[in-house]
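Q: In case it's useful when we look at the structure, here is the feature table from Swiss-Prot:
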DOMAIN    50-335  domain 'AB hydrolase-1'
ACT_SITE  S146  active site, nucleophile
BINDING   R215, D332  substrate binding site
ACT_SITE  D302  active site
ACT_SITE  H331  active site
Amino acid sequence: MTRMDHRSIISDTTQYFESNEPLQLELGGELPGVRVAYRTWGTLNAEKSNVILVCHALTGNADADSWWCGMFGEGRAFDETRDFIVCSNVLGSCYGTTGPMSVNPLSGRHYGPDFPRITIRDMVNVQRLLLRSLGIDRIRLIVGASLGGMQVLEWGAMYPEMAGALMPMGVSGRHSAWCIAQSEAQRQAIAADAEWQDGWYDPEVQPRKGLAAARMMAMCTYRCFENYQQRFGRKQREDGLFEAESYVRHQGDKLVGRFDANTYITLTRAMDMHDLGRGRDSYEAALGALKMPVEILSIDSDVLYPRQEQEELARLIPGSRLLFLDEPYGHDAFLIDTETVSRMVCEFKRQLIVDN
């Protein structure tokens, strides 16, 4: 077992928004209130027309300038001299926003496995509460990949009057059976750990083996065959451990020190519920209703959200444009080749100016 040290994870510049109003959740649950951890960069202009919302992935947080650092800087995708960039920790996470590790004010103890089921739409609703508290009613561009990309798409479907333009990356319009099966295998790995205790473990002490195993499984889908072959092949260390084994073990150990098992389960279940068509006329109609400018980034080597899923989005979203990132890094390419991704975002921003 290991203890989490949130002090080393959450930036000192993190701000917090709190709402004491009950939050009604899509699947019928309710939270008595919500706290949102967020960060901003740059200055909101007088017209409030320079807002960029960055949506993070599964184990990310509000510190976008850390996990997506190559996207920040003058002349880059997120330019603090021109843009007002906002990134918040999603509902259900463990980096400052209300989630399973939060104390339930009604019981006086951590929510743990009692945290209600949430969806991507609930995450977007909480982000909207935050932005409205900042006096923002229009977002120039919403950007995100993976779980972040799901939020981007739901922003367009839920609040088209606020969403000026969308750039979802490495994502589908509805979670596939392939992705759902991957998520469930990872959740079962956590549940198989004796320290899991049906989710009622000490919130400061992790079911280490299960969460690490879940992360190791996930890392096999975040990269790809070619990446593992080129990077590790059949190389072995002096102790006989294959380098590929050493790599995934290291990734598992790293996550255990910075994440929470109940949070992992909460967020992967929310991802499994991702479906733009749920409760709407149809999947096709929901995508067809997205009238704002949309650029979709597809990663050629992504085995988790393969190219055909982004091609489907492009086919169903009117006037959308499909871009390809041809890199041998797998799903995580959006985090690795930030030079190319930043350039693509900059080109989209320039096109938005021309079109306006």
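In case you wondered, yes, glycine gets a Cβ from its N, Cα and C as well.
Explain the structural surroundings of these features, please.
A: In the three-state DSSP assignment, the secondary structure recorded for S146 (active site, nucleophile) is coil.
Counting only same-chain residues six or more apart in sequence, the Cβ atoms lying under 8 angstroms from the Cβ of D332 (substrate binding site) belong to Y222, R223.
Within the same chain, the residues at least 6 positions away from D302 (active site) whose Cβ sits under 8 Å from its Cβ are G170, C224, G330, H331, A333, listed in sequence order.
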Q: Given a separation of at least six residues and a C-beta threshold under 8 Å, show me what packs close to R215 (substrate binding site) in the same chain.
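A: For R215 (substrate binding site), the qualifying residues are Q186, Q251, G252, K254, L255, V256.
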Q: When you measure from the Cβ of S146 (active site, nucleophile), which residues in the chain that are at least 6 apart have a Cβ under 8 Å away?
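A: The answer is A57, L58, M169, G170, V171, L304, Y305, H331, F334.
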